[in-house]
Every structure is written in structure tokens, then in C-alpha cells.
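Some features that Swiss-Prot has for this protein:
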type     : residues                                                                          : note
REGION   : 1-229                                                                             : region 'Pyrophosphorylase'
BINDING  : 8-11, Lys22, Gln72, 77-78, Gly139, Glu154, Asn227, Arg332, Lys350, Tyr365, Asn376 : UDP-N-acetyl-alpha-D-glucosamine binding site
BINDING  : Asp102, Asn227                                                                    : Mg(2+) binding site
REGION   : 230-250                                                                           : region 'Linker'
REGION   : 251-450                                                                           : region 'N-acetyltransferase'
ACT_SITE : His362                                                                            : active site, proton acceptor
BINDING  : Asn385, Tyr386, Ala422, Arg439                                                    : acetyl-CoA binding site
Amino acid sequence: MRRHAIILAAGKGTRMKSKKYKVLHEVAGKPMVEHVLESVKGSGVDQVVTIVGHGAESVKGHLGERSLYSFQEEQLGTAHAVQMAKSHLEDKEGTTIVVCGDTPLITKETLVTLIAHHEDANAQATVLSASIQQPYGYGRIVRNASGRLERIVEEKDATQAEKDINEISSGIFAFNNKTLFEKLTQVKNDNAQGEYYLPDVLSLILNDGGIVEVYRTNDVEEIMGVNDRVMLSQAEKAMQRRTNHYHMLNGVTIIDPDSTYIGPDVTIGSDTVIEPGVRINGRTEIGEDVVIGQYSEINNSTIENGACIQQSVVNDASVGANTKVGPFAQLRPGAQLGADVKVGNFVEIKKADLKDGAKVSHLSYIGDAVIGERTNIGCGTITVNYDGENKFKTIVGKDSFVGCNVNLVAPVTIGDDVLVAAGSTITDDVPNDSLAVARARQTTKEGYRK
């Protein structure tokens, strides 16, 4: 059976009080609507149509070709929004799910179960519901004496007795696609909001003797909609708990989950330890037996087995096995550290390749460079890579020793087994097995201060 999805993403989100389009506000480093799209695609649908309105181009820019789009010029209600997908879906057979773009916590597993329940019951429509303690603002599930769905009533149209019901509609539905578009043309806007409500389609189906099912989820967090910054914060916290819980169940030690933020696309190997205050985002891959020290930040990077990152920032970089970074080091984009490398305190590495066993232990800047195997870079060494217009490369061979407070003025190549004396400013290439000294000879005037 063919399956389709409609994501409702046309709302202005005035309560967010933001210039940014509502569904593009981020949860766990990713726009809300992107979380929804990934869950929808993961549920196995064949085609997705996203309904966009204000800020349409920005949504398209994020989702790209993963979705088709329909434009809703006026926001006249959820039924009106779904009807905008008519040109893409009206003649399709199969099941269509409707999901709100501001429900970033919905999972593909719940959508798969909703679709299966809907199709197994041979229903024309199925609503995803939940029972919550504070149902204010949600449509209520009104059941008849036999427990079947009678209707869904919106908050502003509900009687007091209906407002006391704590089973609510999530705003997520599964429909027989043909039935959906047939009934949408019959929906009226005679309600307190003057809008065309999608739940009215369910009433029309029931009035014709059709089958409408309710599938209740026990995970209330999944259906949480985000309408303001407070709810955005709640969604962020919920996603954080979910992600950390997943990693801990898969063998990762997280010392303080409440202060640890791990993005949804991060992978972490077993027996890795994450200390308090850590942030790991983007498409970061962390191996086994790694230690990420407190207050470190890692983005879009690869950390191999046995490495240790202490109170450092790592962006778009790679760290080899058993390598030690920090404390207070910064790996900028393009930093590539081999195995058993040491990058110590107050060292900055940018677009540089440090081969296995290389050491840069203190107070150095290494940029646009290659440092050979087992080479030691002394405290205060600087690669002078920029002339105000262009960047130039520094190459240091293997098994070399660069003393403290050395300037390597690029472009320059230092060979293998070279000793560069402390305090030197090196402007010329140095061949293998050499000593390079480039500093003024010391003059001492005895008795000068008497």
C-alpha cells in the first residue's frame, strides 16, 4: 500500500516573538521541522508534502528535495492547510498521515505503529491521542457510551464538561487518502475561530458510517507542540533526556545527564565517559574508551578509541586513537591529529596534520602545517602562516625537535631529525639531520648596573 505524509508548517508562530519562521527554531541543534521530516521519512512513507506559508523559502532551504511543497497564503485552519496538498495527493491511493511541523519529539516508531493500527482496522481515519494532566489548549477526544470516538472538540468550542476531559488529540492523524480529500471539501468554518478544522473530517466520516479509530500513545512527550520559548526549552530538555538515555543504555557513561547535551546525529562507542557540562553536536563520531572531560565542546568531529579531550573545543577536526587534547586547547576546522598525539594547554591547531606521536604541549599556534611522526614542538612555537593576504604552509619532518619560543615563517620546510634552537626565527628551509639557530648572539656587559 502506498503511504504519504503531509507536514503542516505554515503557522506564523506569533507567540515565539521572533523574526525566525516558527518551525525553524532549533531543538538539539536542528530545526523542529527537520526532526519531524526525519521521523516521517523513517516511518516508510513514499512521498512527503510540506505545507508552507510565511517564510516558505527558508523552510525549503532547510528541507530541500526531501519534500514537495504547497503554499498556504492565508492560514484558515488545519483542514484548509491539508487541502493545499490537493495537487500532489488528491488522486493517490493508500494512507496519508498528517503531522504538525512543531512536534519535534514525534518518533518514527510511533508513526509506524499509528499507520499499522489504522490499516489493520481498515479505518478511514485514525487520530493519535494521549491522556495528559493539563489538557488546556488541546482538542478533546469525546467518546460515546461504548467508548468509541464521537468527535474531537477544540478548546474554544468545548463545554465545561468537555474541557474536563484529559484525553486529547495530538493533531497527528492517519487517513485513507481518497476519503480525506473527498471530505475536506465538506468541512465548514462555523466555529468560534471561524476556521476549517481538520478534526471535522472525522465527524463527517462518522456521520457516513465510516470507521474512525483512536490510537493512544503512552509517551506524552512525543506529541508536545512548541508554541513559545518556554515550550521550546521543554522540548530541548526532553530531547536531551531521550538522547542521553539512549547512549547510556548502549554502554556510555554520562556522569551528569542533566548538564550534558548530545546532538541527535552523534554516535558514541561503549565504555566512553562523558563528564559534566559537555556539549557534543553535529555529525560527531566518538569511539570506544574515550574520555570527554568536563566543559568540552565538540562539533562535527571524529574522536577515535582511547582518546582523551580535557576542557577543550573541537570543531570539524579528527583526533586519533589514544591522543590527548587539553586542557584548554582549541582544534579548529581541518585539524587532523594522528594516534598517540599530545596537544596540551593553550594550544591552537588549525588546518594542520599532526602525525602519530607528535607533541605540541604548551602555548602554541600551529596553522596550515604538517608535523611529522614523533616530532616535539616546544612551548611558544608559532607557525607564521599569514602575510596579510595569503596563507602559507609549514612542514616539519619526523623525529625533529623544535625548541621553545620559535617562529616558523611560512612557507618553510624543516627536515627529519632536525634540532631548531630555542628562540629562533626560521625563514629558510632546514635539511635533514641539521641544527638550525637563528637568533642574535648574547652580549653580557658585566658590572653595567653598578
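Cβ atoms are placed via backbone N, Cα and C, with glycine included.
Distribution of Swiss-Prot features across the structure.
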residue	record	Cβ neighbours (10 Å)
Ala10	UDP-N-acetyl-alpha-D-glucosamine binding site	27
Lys22	UDP-N-acetyl-alpha-D-glucosamine binding site	27
Asp102	Mg(2+) binding site	27
Gly139	UDP-N-acetyl-alpha-D-glucosamine binding site	26
Asn227	UDP-N-acetyl-alpha-D-glucosamine binding site	15
Lys350	UDP-N-acetyl-alpha-D-glucosamine binding site	20
His362	active site, proton acceptor	17
Asn376	UDP-N-acetyl-alpha-D-glucosamine binding site	18
Tyr386	acetyl-CoA binding site	12
Arg439	acetyl-CoA binding site	12
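Per-residue pLDDT, averaged across the region 'Linker' (230-250), gives 97. Candidates Asp102, His362, Asn385, Ala422 (recorded positions) were compared with Asn227 (UDP-N-acetyl-alpha-D-glucosamine binding site); those inside 10 Å Cα-Cα are Asp102. Taking all protein chains in view, 27 other C-beta atoms sit within 10 angstroms of the C-beta of Leu8 (UDP-N-acetyl-alpha-D-glucosamine binding site). The Cβ of Asn385 (acetyl-CoA binding site) has Gly367, Asp368, Ala369, Lys391, Phe392, Lys393, Thr394, Ala410 as same-chain neighbours under 8 Å, each 6 or more residues away in sequence. Once Cβ contacts within 10 Å are tallied over all protein chains shown, the binding-site residues Gly77, Ala422 are led by Gly77. Tyr386 (acetyl-CoA binding site) is 23 Å away from Asn376 (UDP-N-acetyl-alpha-D-glucosamine binding site) when you measure Cα to Cα. The residues of the region 'Linker' (230-250), classed with DSSP into helix (H, G, I), strand (E, B) and coil, number 20 helix, 0 strand, 1 coil. When the Cα positions of Asn385, Tyr386, Ala422, Arg439 are compared pair by pair, the longest gap among these acetyl-CoA-binding residues is 22 Å. A straight line from the CA of Gly139 (UDP-N-acetyl-alpha-D-glucosamine binding site) to the CA of Asp102 (Mg(2+) binding site) spans 16 Å.
DSSP assigns Gly77 (UDP-N-acetyl-alpha-D-glucosamine binding site) to coil in the three-state reduction, outside any helix or strand. Measuring Cα to Cα from Lys22 (UDP-N-acetyl-alpha-D-glucosamine binding site), the recorded positions that fall within 10 Å are Asp102, out of Asp102, His362, Tyr386, Ala422, Arg439. Taking CA atoms as the reference points, His362 (active site, proton acceptor) and Asp102 (Mg(2+) binding site) are 47 Å apart.
Taking the C-alpha atom of Ala10 (UDP-N-acetyl-alpha-D-glucosamine binding site) as reference, the shortest distance to any of the binding-site residues Asp102, Tyr386, Ala422, Arg439 belongs to Asp102. Cα to Cα, Arg439 (acetyl-CoA binding site) and Lys350 (UDP-N-acetyl-alpha-D-glucosamine binding site) are separated by 27 Å. Leu8 (UDP-N-acetyl-alpha-D-glucosamine binding site) sits 8 Å from Asp102 (Mg(2+) binding site), taking the CA atoms of both as reference points. Look at Lys350 (UDP-N-acetyl-alpha-D-glucosamine binding site): DSSP puts it in a strand.
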